[in-house]
Amino acid sequence: MSTKMTPPVEKNEFIDVVFEDLTHDGAGVAKVKGYPIFVKNGLPGEEAQIKIVKVKKNFAFGRLMKLHTESPYRKDAECPVYNQCGGCQLQHLTYEGQLQAKEKQVRDVMQRIGGLGDVPVHPVLGMKNPWVYRNKAQVPIGEREGGLVAGFYRQGTHDIINMESCLIQAEENDTLIQEVKRICEKHGISAYNEERNKGTLRHVMARYGQVTGEIMLVFITRTAELPNKKAIIEEIAAKFPEVKSIVQNVNPKRTNVIFGDKTTVLYGSEYIYDFIGDIKFAISARSFYQVNPEQTKVLYDKTLEYAKLDGNETVIDAYCGIGSISLFLAQKAKKVYGVEIVPEAIEDAKRNAALNNMTNAEFGVGEAEVVIPKWYKEGVIADTMVVDPPRKGCDEALLNTIIDMKPKRVVYVSCNPATLARDLKVLEEGGYKTQEVQLVDMFPHTTHVECVAWLKLV
């Protein structure tokens, strides 16, 4: 006898539902006989009519047709292209509601994935002004009716939505990009056409130093030749004295990858500079640098607090990137060792250490799970281990290395609560106890949340 279950809904069916929760990407979740239906823009507690648009074996997708009751946290999105862009997922939710939803998400995965429901999870540290916080704008360029368009891809497509401004983007970047678009149009620069693999300008990127006010402009082109380059640069430099660097990156490949291999400075310096707290950073076109420096300082201050350094410790910073956390730690530690797999990031880390006259930070290139045991054999004994892995979390070999090395304290910075909970569980099974988790809202109006946890050896 077949045990195959038939989904309790059909495509194009209209049904009334109550939303119970939000998914990790911000969709409302309703259930019919335990069968989940995901609906964009639905909020917990709301009663609504939805239309079923796709039916799968274990779940369905619906479209919100009509609200019967509204959540007290619902609001109109402030961005006119919110429903098309996809850059933000939560503008229809008040900021207070966003912070509560993120806290609930972390509490849920800590229990469900990590079995750590007893660990204190502190409310999210949000922003006083959760707008215009991004210091980097990276926009595709297209052509429409003879003119250039610059903006963002329509959700799920490569159709460019022309945008004059983005409400989460630094106004300085928005203003510059709109003017660059006008100047390029005036000088006859063509936009890259993905289908025909023709045209010149693929993307424009602007990076803004929030503290210094310095701006870097990057042209990403299909060909090395940029027509009327000299006139374009002169006009931009005259109009925007805060632009300290203009760079061209050439990407001739038919690919979705934005950057190519060749980068050339056209004007000014290879770097702009910015500060997070008292630490100065040199930022190149390709450098990884946190896009919300105000909240990055909040995150790093909490990391430093959890590391509880008194000046006598040796600290290892795994996945150290350009050394941003390492240099924060080096302010208080005796010695910091940072490791990162990307060689260019380690060059940036060394440059940033020199820029801040920090001689107690040392950096190595390679996989953390390979380099750290090598250091251990050379006599580097970490009192405190700090990890800040990518979304996939820590490599299993690194977790085993930590358990074998037995640093007294581990501080785990995470951009993915699910992999954080998974990895904390492994560390707990290896002799550690998670003490607390602090959440930081680095990306308001999106579903992303940063966490920092600390564990002690028991």
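Placement of Cβ uses the backbone N, Cα and C atoms for every residue, glycine included.
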Checklist line | Same-site residue for S-adenosyl-L-methionine (record: Swiss-Prot; known: Gln290, Glu340, Asp388; options: Tyr267, Tyr271, Tyr319) | finding: Tyr319
Next item on the list: Note the Cβ centroid of Cys79, Cys85, Cys88, Cys166, the recorded [4Fe-4S] cluster site, then list each other residue of that chain whose Cβ lies within 8 Å of it, in sequence.
Entry: Val81, Tyr82, Gly87, Gln91, Phe152, Met163, Leu167, Ile168, His445
Check: If one measures from the C-alpha of Glu340 (S-adenosyl-L-methionine binding site) to the C-alpha of Cys415 (active site, nucleophile), what distance in angstrom results, rounded to a whole number?
Finding: 17
Next item on the list: Within 10 Å of the Cβ of Cys85 ([4Fe-4S] cluster binding site), how many other Cβ atoms can you find? Include all protein chains, please.
Entry: 18
Item checked: S-adenosyl-L-methionine site shell beyond Gln290, Tyr319, Glu340, Asp388, criterion: Cβ within 8 Å of Cβ centroid -> Phe288, Asp317, Cys320, Gly321, Ile322, Ser324, Ile325, Pro389, Val413
Item checked: Rounded inter-Cα distance in Å - Cys88 ([4Fe-4S] cluster binding site), Cys415 (active site, nucleophile) -> 17
Next item on the list: Work out how many Å separate Cys166 ([4Fe-4S] cluster binding site) and Asp388 (S-adenosyl-L-methionine binding site) at their Cα atoms, rounded off.
Entry: 29
